[in-house]
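Novice: Pasting the relevant annotations from TrEMBL:
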- 34-112: domain 'RRM' (DOMAIN)
- 120-140: region 'Disordered' (REGION)
- 128-138: compositional bias 'Basic and acidic residues' (COMPBIAS)
- 164-255: region 'Disordered' (REGION)
- 178-187: compositional bias 'Gly residues' (COMPBIAS)
- 188-202: compositional bias 'Basic residues' (COMPBIAS)
- 203-241: compositional bias 'Basic and acidic residues' (COMPBIAS)
Amino acid sequence: MALLFKDPSKISAYRDRRFPGTQEEFEHALVTSTTVYVGNMSFYTTEEQVYELFSRTGEIKKIIMGLDKNTKTPCGFCFVLYYSREDTEDACKYISGTILDDRPIRVDFDWGFQEGRQWGRGRSGGQVRDEYRTDYDPGRGGYGKLVQKELEVQRQLVDYGAGSLGSFPPVIPTSYGRHGGGGGHGHGGSHRHGRDYYRKRHRDDERHTHESSKRTSDHESRRNTDHESRPEKNPRFRESGDSDEDEEDDRKRRA
């Protein structure tokens, strides 16, 4: 028949390396202690929830919540101190494996709480198990610390790449206006500026052509007017440019 409860006579094989004594002294402390270690808790489980559950097996002397040594926030474990050994054994027997805050918790005998054991022993401040955990556990901060660091590095690389692409100004098509290839005042000009310049230049060329044609027409008109208004030469009067030989020839022809 399968056992539904934990056998309190079986001592955990876990050996706390910070225990100051020998292995025999460690085992003796476990079989006489009135302290239990509670693991696999959610980071969001409160001391009140722990008290409500563990007070069902006996009177509780004290509860010490495990804290992240950097953030000073709960990191998923605690110590529960009872007044009697019998209540301690009942807690390990009946509560271990039950659901607390939607999670199955683990309850083991502990050799006794000492100041400093409430802090996480992981490099990041929490528990060691959360340093190397690769699965996603929403009740314990998501992924493990190492995985979170890798994801953060990848996110920074993606953000850096997106920022690099956006750090360059947009390319503006340049137009060659009166300022040469620049087309503007320090910004390369715009397409509209170049288009307006060519339109204005075309109007100036048309105006210049029209004025030139008008001047030519006026000049021709003045020349024709001067020619028509000039009096016809009278053969009876000698102009300043006529010679004596021409006058003598004219007299002979008339005679």
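Using N, Cα and C of the backbone, Cβ positions are placed for all residues, glycine too.
Bear in mind that TrEMBL entries carry predicted annotations, made automatically and left uncurated.
Quantities reported herein were computed from a predicted structural model and do not represent experimental measurements.
Surface or core, plus neighbours and distances: that's what I need for these features.
Specialist: For the domain 'RRM' (34-112), residue counts in helix, strand and coil come to 19 helix, 31 strand, 29 coil, using DSSP.
Using a Cβ-Cβ cut-off under 8 Å and counting only residues 6 or more beyond its ends in the same chain, the compositional bias 'Basic and acidic residues' (128-138) has close neighbours at 75-76, 120-122, 144-147.
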Novice: Express the predicted model's confidence over the domain 'RRM' (34-112) as a mean pLDDT, rounded to an integer.
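Specialist: Computed over the domain 'RRM' (34-112), the mean pLDDT is 96 on the 0 to 100 scale.
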Novice: Do you know the DSSP helix, strand and coil residue counts for the compositional bias 'Basic and acidic residues' (128-138)?
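Specialist: Helix (H, G, I), strand (E, B), coil: 5 helix, 1 strand, 5 coil.
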